[in-house]
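Asks: Under the heading disulfide bond, Swiss-Prot lists 11-68, 12-29, 15-63, 17-27, 36-43, 40-55, 45-53.
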């Protein structure tokens with residue numbers, strides 16, 4: 001049961017657009033794993049047009065939900 005206690009060591013298999021905080025969307029992990037590269041431990045929203053969610057080693061990013069096409 002000590003496997004789900006820490007949220008610091010999770011990594012993303014992919015990122016998706018989660019509209020849980022309108023008028024913004026958040027980039028969140030699709031799946032998490034116990035063992036994975038530290039360079040992919042969260043998701044961020046790119047400044048492309050339209051914005052996309054991608055793996056990153058930085059904190060989560062947000063973009064206007066109106067520009068989220070996925």
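Note: Cβ is positioned from N, Cα and C throughout, glycine not excepted.
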Asks: Of 29, 45, 55, which disulfide-bonded residues come within 10 Å of residue 17 (disulfide bond), going by C-alpha to C-alpha distance?
Replies: 29, 45
Asks: If one measures from the C-alpha of residue 12 (disulfide bond) to the C-alpha of residue 55 (disulfide bond), what distance in angstrom results, rounded to a whole number?
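Replies: With the alpha carbons as reference points, the distance is 7 Å.
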Asks: May I ask you to report the DSSP-based helix, strand or coil state of residue 55 (disulfide bond)?
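Replies: Once the DSSP labels are grouped into three classes, residue 55 (disulfide bond) ends up as strand.
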Asks: What is the number of other Cβ atoms found within 10 Å of the Cβ of residue 43 (disulfide bond)?
Replies: 25
Asks: Mind checking which of 17, 53 has the fewest other CB atoms within 10 A of its CB? They're the disulfide-bonded residues.
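Replies: 17, out of the disulfide-bonded residues 17, 53, has the fewest neighbouring Cβ atoms within 10 Å.
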Asks: For residue 55 (disulfide bond), list the number of other Cβ atoms lying within 10 Å of its Cβ atom.
Replies: 19
Asks: Give me the Cα-Cα distance between residue 55 (disulfide bond) and residue 15 (disulfide bond), rounded to a whole Å.
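Replies: Taking the Cα atoms only, residue 55 (disulfide bond) lies 6 Å from residue 15 (disulfide bond).
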Asks: In whole Å, how far is residue 43 (disulfide bond) from residue 15 (disulfide bond) when you measure between their Cα atoms?
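Replies: About 6 Å separate the Cα atoms of these two residues.
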Asks: Measuring Cα to Cα, how many Å separate residue 45 (disulfide bond) from residue 27 (disulfide bond)?
Replies: 6
